[in-house]
Amino acid sequence: MMLMRESPDDRHYTVSATGVWKKRGGIDVLRGLDMYVRRGERYGIMGTNGAGKSSLINIILGLTPPDRGTVTVFGKDMRRQGHLARARIGVVPQDDCLEQNMTPYENVMLYGRLCRMTASEARKRADQIFEKFSMMDCANRPVRLLSGGMRRLTMVARALVNDPYVIILDEATVGLDAKSRSALWQQIEASNATGATVLVISHLAEDLERMTDRIACICAGTVRAEWETAALLKALGALKILEIDHSVSPRGKELFCNHGLHVHENDGRLSAVHPSSDFALEAVLKKEAVPTTTRFATLDDIIRFPGFPWTGVGGVNGEK
């Protein structure tokens with residue numbers, strides 16, 4: 001089923017970006033980007049390093065203005081009215097921005113107070129989150145003495161303390177063990193169930209699969225494609241990745257190209273995306289004695305194979 005791309009005429013957005021351009025170091029890192037996130041939606045953003053993800057998040061937060069275009073949160077233009085929206089946004093940035101000489105509990109309480117919560121409100125909410133994340137044992141130790149994973153959870157707790165309407169997770173699970181990652185997912189799901197809109201920026205397929213309803217792929221500063229997550233995952237199950245060692249089997253590349261496949265090369269290994277129902281090429285590879293590894297496609301492959309026409313997969317909205 002083909003989906004209609006979101007447009008400025010549609011309503012019920014929490015976050016909208018229209019025609020956003022941003023230049024950094026003389027280079028356009030955002031190039032007329034359009035993105036519309038519905039209220040209560042869990043929206044994933046994926047893309048290679050340098051695709052423009054961090055620049056977009058900084059503009060959404062009102063930390064830097066766009067050169068052209070408009071970004072609104074709750075209908076407020078973040079260039080002019082960002083202060084009216086920021087108090088209801090919880091963000092987990094990539095970089096550690098905690099007060100290192102304060103304890104996790106003090107960091108979370110401070111943020112709650114900055115968001116105009118009363119001390120009792122902030123304390124009650126902090127207790128709930130620290131208990132959920134099993135952090136009570138380290139709640140009163142200086143942040144500088146904690147592991148990277150515990151510091152990361154402290155940043156998540158800080159972002160959630162004021163029950164934000166928008167939660168932005170920028171590689172939030174980096175450094176977390178499986179138990180902590182699961183606790184984070186559960187907490188985000190609980191916040192989303194009460195109406196919070198969630199933006200997930202991650203290079204981990206597991207995060208995007210678990211925490212999103214829709215996924216956008218940002219490439220060269222624009223939203224190249226969007227998918228409903230469930231439809232995309234189902235469609236990926238109908239694709240497979242064929243991999244060969246080019247140094248061992250130079251003939252394999254010729255066979256890939258003869259079948260019109262988009263080929264990705266990395267450290268001498270060639271990979272190509274292929275329909276899982278088509279066994280003709282594999283039969284040829286076997287006949288030619290080309291050692292081939294076969295696996296199902298994953299979300300990671302959308303980044304690995306930018307030349308593949310992913311816009312035809314999973315009811316995608318369409319390529320810009």
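Positions of Cβ are set from backbone N, Cα and C atoms, glycine also.
In Swiss-Prot this protein carries:
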DOMAIN    15-245  domain 'ABC transporter'
BINDING   GLY47, THR48, ASN49, GLY50, ALA51, GLY52, LYS53, SER54  ATP binding site
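Here the features listed in Swiss-Prot are painted onto the structure.
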{"residue": "GLY47", "record": "ATP binding site", "Cβ contacts under 8 Å, 6 or more apart": "LYS53, CYS217, ILE218, CYS219, ILE303"}
{"residue": "THR48", "record": "ATP binding site", "Cβ contacts under 8 Å, 6 or more apart": "CYS219, ILE303, PRO306"}
{"residue": "ASN49", "record": "ATP binding site", "Cβ contacts under 8 Å, 6 or more apart": "none"}
{"residue": "GLY50", "record": "ATP binding site", "Cβ contacts under 8 Å, 6 or more apart": "VAL29"}
{"residue": "ALA51", "record": "ATP binding site", "Cβ contacts under 8 Å, 6 or more apart": "ILE218, CYS219, ALA220, GLY221"}
{"residue": "GLY52", "record": "ATP binding site", "Cβ contacts under 8 Å, 6 or more apart": "LYS22, VAL29, LEU30, ARG31, LEU33, ILE218, ALA220, GLY221, THR222"}
{"residue": "SER54", "record": "ATP binding site", "Cβ contacts under 8 Å, 6 or more apart": "GLN94, ASP170"}
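For the domain 'ABC transporter' (15-245), the predicted model reports an average pLDDT of 91. Counting Cβ atoms from all protein chains shown, LYS53 (ATP binding site) has 24 others lying within 10 Å of its own Cβ. Apart from the site residues GLY47, THR48, ASN49, GLY50, ALA51, GLY52, LYS53, SER54, the chain places the Cβ of ILE218 no farther than 8 Å from the centroid of the site's Cβ atoms, the recorded ATP location.
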